[in-house]
Amino acid sequence: MEMQRSPSTLEIGMVSTSHEKPNHSQRVRNKISQFEDPFSSEHEPRLIYINDPNRTNDRYEFTGNEIRTSKYTLITFLPKNLFIQFHRLAYVYFLVIAALNQLPPLAVFGRTASLFPLLFVLFVTAIKDGYEDWRRHRSDRNENNREALVLQHGDFQLKKWKNICAGEVVKIHANETMPCDMVLLCTSDPNGIAYIQTMNLDGESNLKTRYARQETTSMVCDDSYSGLIKCEQPNRNIYEFTATMELNNQRVPLGQSNIVLRGCQLKNTEWIIGVVVYAGQETKAMLNSTISPSKSSNLESYMNRETLWLSAFLLITCSVVAAGMGVWLFKNSKNLDALPYYRRKYFTFGRENRKDFKFYGIALEIFFSFLSSVIIFQIMIPISLYITMELVRVGQSYFMIGDTRMYDSNSGSRFQCRSLNINEDLGQIRYIFSDKTGTLTQNKMEFQQASIFGKNYGSSLQVTSDFSHEIRTTESLRQSSRKSKINVDSALMALLNQPLINEERLAAHDFFLTLAACNTVIPVSTQSTHDLTNEVDEIGAIDYQGESPDEQALVTAASAYGYTLVERTTGHIVIDVLGERLRLDVLGLHEFDSVRKRMSVVVRFPDNNVKVLVKGADTSMLSILKVEIGDGLYDSLQAKIKEATEGHLSGYSSEGLRTLVIGSKNLTDAEFIEWQERYEEASTSMHERSAKLRQAAGLVECNLTLLGATGIEDKLQDGVPEAIESLRQAGIKVWVLTGDKQETAISIGLSCRLLTQSMHSIIINGSSESECRRLLADAKDKFGIKSADFRRDPEGAQDLYNGDISKLRSSNGHMSGSATQNFELTGVVAGDKSEYSEKVTNFDSTELALIIDGSSLVYILEKDLESELFDLATSCKVVICCRVAPLQKAGIVDLIKSRTSDMTLAIGDGANDVSMIQMADVGVGICGQEGRQAVMASDFAMGQFRFLKRLLLVHGHWNYQRIAYMILYNFYRNAVFVLMLFCINRLE
């Protein structure tokens, strides 16, 4: 999972197969509309009166807290279940056969016997569905009857969850679960901090921090619960919350950090008190409880087509029998009275004498013969096949789950089969779309190198036997026991021990202050006490809790160099700087978002100096640096530092490190006042709060002083290169879709053998629609890639799967061997004219690699350029998409899925991979460091990427082969039996 998380990767709809290019952007948006539900300015805000549920719901427009996840009731079970079961075409076929057999002239088999197979299948399926729904009813009943402490008549009393209403005040103790979505009013922590675990909501096991506003603490202390909360209407976006609280004629802004959601558990906090804003089906957890879209097996679709063909063959066979019957009746029409079963009258003694026999005439007899043949030959389409397939799939799932070679001992996770109906699709995969961070890599960030004031540090790391370094400083021996997993640089430590005098030392000081302060990491004591500020002698006993592994790695690195974060509240930060406590007042925090691609915090130092500390991606930071000293004078020192830092960034990226740029700025009084007014206005805004906060951030995130850059290593998982090599040898294409920068992705691609030195690269970095169109056209023209119309030719299409474009290009000459010796980063790049002017006549047998960034995909996927990208991408052996958003990942998968019949597989580990996983034919989730949301949305889950090799090439091959043989055997066996009956019928 990449560092930026999209708040909208929760659910995704069913996949469309439309090929209309102009409507692609709308098609993708429709498919993801289920999990995009932002607060609309057209809706009136919800009014919540604290501790006044009657006034809150005076118009009875809010739902109660009772939930219902069951599908059926006693009344709707039978009709609804039968309706769902008869979606299978074969069941309709067998129902018609059974109905025909109930007619007296057509009763070939016993009436009860003909109904038994279909009724048995329907009954067994209904019992299974009914049992599953009964378990849901039982779970709902247990959930609704749980109890929580609710403020009633001035005291907290137990009340069932289902009776809790919006506006009521609820108290939750440690290790208890939240009964509904609540805004925090107070916590047991004096700073208003609460720790929650959201595993039941998004699957992430790491603790999250939530805050109670300081303004509401007095409300709880005085036992006077009153106030008004204006919040957005219920939506399924669990990563955003927009609201304001009117308290004592004061407007207090509320955000995501002030709300706890239903299903979360309270950890490391004695108690919290909150007011209910969403209850029951309106909670974010229930709005996101939609089941992932069901995926049907490709083999079942093939079986449906075969069923139609067999039905046609059955009708032809029965027509032949009926025709033969007609010929026989016409030939013996004069002797029908003397033939058994066709005498018009009975000639016998007794009451039956001279009574008319049931003869309906030759025409109806022929028709009845046709229907009787349909009943006799009905086993041409076996009803037992569907039951057998389900049993076989269960067995296959048992084999996959029990495979010890797919057990991850590091995380203790075994293979999970979350979908039983697509086992055989694992053996038909042609395209794999993979995330990078946490999927190909371990997502365990380690601080490796730093560029400070234009100098590179990290090449002279001191490494001890336990891979740690003891930090000892002359200012404080209290840190002598402090150990870190970071290997420190001796030269940088020597610089930090110097007095704060020269510019380089001041830059290093601000650099590590930014690492320690500009984040959302919370220090948690590992000792029995939680008062970190008093633990002078136990600074080392601190565990950092954060949502991002990147931030944890940076804070740990700062601590290793003597800048230890020891306390964080909503109002201040305490940092132990080489043994001396430094308290910084937090005036405002602009969190990281995918638009700005940076994060900043405005702090006030003890000397009343106000400074903004910023970190972010190089693409967004380098453009907002200070270039002038004043009066138009050029800052040559900053220019040299910037040039050196850019060189270091390029080197870090080439080594596969994740990079961030660090900067700061001293704010004048006028700048601070202007920012503070805009920030407070944006924080309390109910409409377009995010956009207004970005505008406020732009006031201070400009003309920054460049402090340096960081390089964090995210190592490859074990066995990734070997797995990718085996998959490529099997004819499977592997595409990497990542949010990292281009150089980092290319470096990882080389290290995992996805890219090779012999490949020729095509790099598309366009900044406009016209430029992207030109780059795609130039690339296709240079390498002789034909359009999609030519690919419809079977000969050309065959080469498409193997990435061999020799038959798709001209063959006027031979390419020199030196042209493909090195993997070049300047294959086709925006602004690089030299490659275009160089006319290469032939690229026969050349393996191509396409590298494209998210900015280019914005214009390509939204405009009429999909076919151009499809032609180019499918001609390449490897495709790497950099700086892509979650919706762009889904768009790339849909590009292949909607234009080819090839099976696709998407694999990822984080929330931003959910849309891609659910878009693909087969979705695989990795049990990684970023939680289990990808696992919950996937069809299969495992602990390591390398298990994909065995899953596809062993189990996938066996599953597909065995179930295919079983289906063919069933059809062959029944066809032989029907033909034998047909021959006997004709002989008679």
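Glycine is no exception: its Cβ is also placed from the backbone N, Cα and C atoms.
TrEMBL annotations:
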{"type": "ACT_SITE", "residues": "Asp435", "note": "active site, 4-aspartylphosphate intermediate"}
{"type": "BINDING", "residues": "Asp435, Thr437, Asp909, Asp913", "note": "Mg(2+) binding site"}
{"type": "BINDING", "residues": "Asp435, Lys436, Thr437, Glu551, Phe592, Lys615, Arg658, Thr738, Gly739, Asp740, Arg883, Lys889, Asn912, Asp913", "note": "ATP binding site"}
{"type": "DOMAIN", "residues": "48-113", "note": "domain 'P-type ATPase N-terminal'"}
{"type": "DOMAIN", "residues": "935-983", "note": "domain 'P-type ATPase C-terminal'"}
{"type": "REGION", "residues": "1-28", "note": "region 'Disordered'"}
{"type": "TRANSMEM", "residues": "89-107", "note": "transmembrane segment"}
{"type": "TRANSMEM", "residues": "308-330", "note": "transmembrane segment"}
{"type": "TRANSMEM", "residues": "359-387", "note": "transmembrane segment"}
Distal contacts, the transmembrane segment (359-387) - CB-CB under 8 A, six or more residues away: 88, 90, 93-94, 97, 100-101, 103, 105-106, 108-109, 114, 117-118, 121, 124, 307, 310-311, 313-315, 317-319, 321-323, 325-326, 329-330, 333, 336, 342-344, 967, 970-971, 974-975, 977-978, 981-982, 985
Length of the line joining the Cα atoms of Asn912 (ATP binding site) and the residue listed as 'active site, 4-aspartylphosphate intermediate', in Å: 9
Distance from Arg658 (ATP binding site) back to Asp435 (active site, 4-aspartylphosphate intermediate), taken between C-alpha atoms, in Å: 15
Surrounding CB atoms that lie within 10 Å of the CB of Asp913 (Mg(2+) binding site), all protein chains: 35
Helix, strand and coil totals (DSSP H, G, I; E, B; other) for the domain 'P-type ATPase N-terminal' (48-113): 32 helix, 2 strand, 32 coil
Spatial neighbours of Thr437 (Mg(2+) binding site), counting only the binding-site residues Phe592, Gly739, Arg883 and Cα distances within 10 Å: Gly739
Of the binding-site residues listed as Phe592, Arg658, Gly739, Arg883, the one whose CA lies nearest the CA of Asp909 (Mg(2+) binding site): Gly739
Cα-to-Cα gap, Arg658 (ATP binding site) vs Asp913 (Mg(2+) binding site), nearest whole Å: 19
Cα distance (Å, whole number) from Asp913 (Mg(2+) binding site) to Phe592 (ATP binding site): 19
Per-region confidence, the domain 'P-type ATPase N-terminal' (48-113) (mean pLDDT, whole number): 80
Which same-chain residues, if any, lie at least 6 apart from Arg883 (ATP binding site) yet have Cβ under 8 Å of it: Thr619, Thr738, Gly739, Asp740, Lys741, Gln742, Asp853, Gly854, Ser855
Other CB atoms within 10 A, centred on Arg658 (ATP binding site): 24
Helix, strand and coil totals (DSSP H, G, I; E, B; other) for the domain 'P-type ATPase C-terminal' (935-983): 39 helix, 3 strand, 7 coil
